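Please read the structure below before turning to the comments.
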Amino acid sequence: MQQEAAQRESEELQRVQWQPRRVRGWGVPKLLWFLVFLQPVITELHLRRRNVRFLFIRFSAWQYAGTDKLWAGLVTTLCEGIRHHYGALPFSVYSVLGNKPCGPRDGLCQREWHCRRRVCLALLALLAALCLGVGLLYLSLGGHAPGHGERGVLKALGGAATTLSGSGLLMAVYSVGKHLFVSQRKKIERLVSREKFGSQLGFMCEVKKEVELLTDFLCFLEIYQRRRLRVVLEVTGLDTCYPERVVGVLNAINTLLSDSHAPFIFILVVDPSILAACLESAGNMKGTADNGYLFLNRTVTLPFSVPIMGRRTKLQFLHDAVRSRDDLLFRELTIKLQPQSPGNLGAGEGTQLLAVETQGDAERTQGRVDAEAARRIQEALCCLHDEGDCLYEYVPDNVVSMRRIVNTVPITVRLLQQQQQQQPDRVGPTPRHAVAWVVLANQWPCRLSWVLQCLEDRQQAGGAPEGRSRLWDVFCDNSRELHTMTKALQNVLDLDGDPELFERFLGTDFPFTVAEAQSLLRCTVNLDHSIRRRMGLIRAVSALKPPSPPKSPSQDGPQASPRAIIAAGTSHAGQGSGHSKEAHQTRDRTHGGKPRPMA
């Protein structure tokens, strides 16, 4: 947008040869002169201008998430941003003495500025009255009056003229100073703090007046600077607020954009699915936004969805996330810079030497451990943004998820190193396997928790699989049972990523075994263990069979026994399930040659 604005600026300068006026530095006195004595006129020349300047203001809804009037925070941020950019004094003078730009009085007029005759005459009258009053006071007090009575009359007339003219000037200065120290933001915040006034219609009228004043000021600056102005408000963090407050912000945006000549552009940086859910769940939007996507289509004039992140872009983001970890070698550097603590002066020389040697050995050992940990962490993080490795393909196109993975890797590697120190005879996972396990737990927490829960249940039952068995095989053996629990685990299943990528991850690229999973599970910190507990409870409840009703001798003849009914139902169910299983396997063989699990 800035490049487009610069290009249009250069083209406009070549066309009209008029330089834009400055509004800062030495241009402020000229701007104040125009504000007080000249009236802007919207001419055809101004409407044909193509050069534009963008003013960017960022609004984080998270900062105002705790207030009831989130949309009021939007308006105050807008007012404060414009006031900060152009200065408090010009806006204060315009609030008191400024005039709204008007259209041309006749179609042939090309002048953009007209003299404000009323203001000039009023100012001349005040100055003349002030000079007259000062002169009369000078005559009455200087002894130039012929008589004592005339001297009193001159003194009274001079005092009245001086008081009236001076009070008029002082009132104007006082109003400018009041607007200079009391900004629009403070006004709106003061109105919001009044609970009774906030629920009345007058509150919205006052806010609308402030917004109209802001719009007129921007229109004045457009004519003065000889360029078009557009205020771009970037709204972020809206998906972290309550639905009612999200609706309030959208209503405020629609109110600000209701004027067709409003110089505002709003950019909503938000997930549309979350925004649509907020609109549908808001109580005050029933009947208006029953379908949140239709409401957004009526509100948003330019939808722009960020495309899928490319390979180079993802690697660059991962590289930046890794570089932001400035604490990888911090511990090693601080150990080298720590001053040596003085020994105990009262102890013997041998005791001091022994303590120094012991402390030196401990520091050297800890230094080697920290250096090895830093090396492993660096190796693991390099696997994330290595173009020759396939691990980056499983990282989501989300900066927040990237940082979550990068922040988890050092902790996992540290815990693995400590575990290997306790068991030096065992060969632990490599740093690449550690970061792959972190990605697995971050991308598919439900499926990974299901595999781990199945392993735990089989181990408790005494039929644990071998350590060389693959996790993918365990998942295939229990995928049908997981399919029957989709309704109970719907919210948890929504956390998982692409199922096909999960199959390729565990089946081909990273075939973790049961032994590796049990070793890595002790060092896993980014997996919610409550998911496994919930799955264990559901499996335990589904394993319970209802007791069969008691057998009645009187019903043996005319009716079949419940056992026979249950057996018949079981046989029919088995035939149906076997038929569906055969059909499913036949359908899968046409695609891959072996049956695929249902997950």
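A Cβ is built for glycine as well, from the same backbone N, Cα and C atoms used for every other residue.
Positions annotated as compositional bias 'Basic and acidic residues' by Swiss-Prot: 579-591.
Taken from Swiss-Prot, the feature domain 'KAP NTPase' applies to 1-416.
Annotated region 'Disordered' per Swiss-Prot: 543-599, in sequence order.
What Swiss-Prot lists as transmembrane segment is 25-45 (among others), and the listing cites sequence analysis. Below 8 angstroms of C-beta separation, residues 87, 89-90, 93-94, 97-99, 101-104, 109-116, 119-120, 219-220, 223-224 of the same chain, each at least six residues beyond the ends of the transmembrane segment (25-45), sit close to that stretch.
Taken from Swiss-Prot, the feature transmembrane segment applies to 119-139 (among others).
Taken from Swiss-Prot, the feature transmembrane segment applies to 156-176 (among others). Remote same-chain partners of the transmembrane segment (156-176), defined as residues 6 or more beyond its termini with a Cβ less than 8 Å from a stretch Cβ, comprise 92-93, 95-97, 126-127, 129-130, 132-140.
Sequence-distant contacts of the transmembrane segment (119-139) (same chain, six or more residues past either end, CB-CB distance under 8 Å): 36-37, 97, 145, 154-155, 157-166, 168-169. Model confidence over the domain 'KAP NTPase' (1-416) is summarised by a mean pLDDT of 76.
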